[in-house]
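What Swiss-Prot says about this protein:
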type: ACT_SITE; residues: 156; note: active site
type: BINDING; residues: 155, 159, 166; note: Zn(2+) binding site
type: DOMAIN; residues: 308-476; note: domain 'VWFA'
type: SIGNAL; residues: 1-21; note: signal peptide
């Protein structure tokens, strides 16, 4: 086999098993390439690295047991920030970085935020983004609250690597079982415990049995399940890994399919082990034989270094078409002047059929350093295209400046085909460099993205959209984890301005940003007139905008100092009809203030039609989600067709969890094969956008244990005050590129309703009101979550398994009067279940499907439960004596408040 092809095949197979950025791979049952990165804001602490090592070593043994001898941790890289002191044992990172780490160690955004969690917003079985541990969690022994740190790591690893979900539910800790008993939301039901309310007022604490809530007929809101310290149940790690007996995941044999938890909702009531054992990891990892325990993991200590970037830009003859050379230079100049961080090392290479080093690495400390590089941007296009020559010159520019290519970044832009690109794949792999690729126009080499994929770089596509090149370059910012260094796009717009007409607009500049603020305009024919006014009324005019020195039709204004907070207004006109663009970039106002951020990506970088693609956008400040924003995705196909999608954070359709700051939507509007680009715009909605001060889906805070007949309570979780659960957010704008993705097998256009059904309803709720059952849910669409479904099919049963396993034979509800609304709307429907004898205590289960005009039917929804209870006294009788007995067992117990953590 050709060596380069062998490398390509290995890397391609490796990429199929990984998320967009993770370097983790499984080799002979051992996980390799795991990266744990420490945030630059974390002060150096000699105890931190030993604690991480101890946690992972402990986790490896526990993981081996939990996976039934299939997997363990073989090697781990710990990446410390550049701000820490150098040590002989610290090695230089290769492609490891904070932004690509599997585990990050960072301070919480708020006080009392030490709960571990995994950022996970994909579908069942999809891998998560990262695990977040705080330094305080790693340095404080909270064994009673979370259990040993190694066990917590395995719980979070199952989220991250295998895409399973929690089996508890802090918002719905109890539910009514089909046996007419109240159960704690858990898996398995073999885990025993006691239900109590613990109240403290003015230093006086009272613990009592839980009372029934007259409205829900479940326990009152403050009721808590206290597990027995000594258990016989072995499952489950996704419920309470802190219990000594728990060493396995719930299986088909002991899975609690009734529990209203995220695992059942997202995975169609499949057990966690069922999801895990069908993962890609387990397809190639049979149980190890002849060993009692795996070898302990090995650790590499790495220290981040100064950023090294080399631009490798195409100046071949085809770059003369459609102003490509000018557009490239506009974007490259903006990148060098506004995006690259100070103290970075930057070089420049241009190539056609040969390559030319224009600048060896220059340390950027002032504007004069930028100008040394921008002065050498290419002015003429000619010759053929040799990408490999360009890359080799880029490597030479780096090594000749006494820097290693390993961990350095190459920004490669080309518009041409190159049949020889595969010849340097092996050299690229050996270099250790990270290659970001920008494909300009539909003829760019098809193998280009392989360079990004095999090196962990970003990939972009730019064509008709005038701002697309600037957007791509603006996205290639620091990966150190120091957000205050990153340049942020506030605006990126193109205007078709008629001669003599005025274009007016506004740019809100919020209080989290304002340093290093630039307003940039580009034009096609003649420089326009512009008037810019800050929130205090100060005006800037055309003469304040500095023209470029390269005749590339751009001008920029840098706001001195820190830009004013508030709404900036602009007006643009000209004597010529032409296309004009406006771009605004800035940086954080202060190193100690987290700026509002937006990031975006697709669920896959490569899709085979008709696979379902999902657009994801995350809006946050630090680790806290921003809710209620107006988030819009612009997707452009290879030949210019554009699709605009409003993204939703409503917990329906493609969205996993409501109000978590992750905005999503299915993308199905394919227009042919090839490359597609993604751009996302985020805007605050006045009086609607807010910052959530609570992190969702975090590790379970264990309230206490029943030990030797006594309830021993842990200190209560420090609560965020009700009035501080959310904070208002001022007006803001963010624009970000989500990179590119490629599609194959898609029709040029057409009716996708004949390919994609309506999306599954995931938020169906049911409630008895009088003799009627009232249903609510979010409407799916004609094509997944787009458009309007044709009709709903509602069925019910007294047994949830009837709906889960044999939906079509369950009792049909007459819903002929129900006309589906537009996707994303709130649906309501009520009906009288006349086919059943309605008696006090009866439980009915309801599920729903939607279909479209092509008779394609959605998956069966989540199963909702409605319980008929006439009065509290009657309901206690109807539910039997078990609950009263369980509730009252507390009165035979002694309650101890454990104020000192072990």
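Glycine residues also receive a Cβ, built from the backbone N, Cα and C atoms like all the rest.
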Cβ-Cβ neighbours of the residue listed as 'active site' (radius 10 Å): 24
Neighbour count (Cβ, 10 Å) for residue 155 (Zn(2+) binding site): 29
Around the Cβ of residue 159 (Zn(2+) binding site), the count of other Cβ atoms that are within 10 Å: 21
Cβ neighbours within the same chain of residue 166 (Zn(2+) binding site) - under 8 Å, at least six residues apart: 159, 238, 239, 261, 262, 263, 697, 700
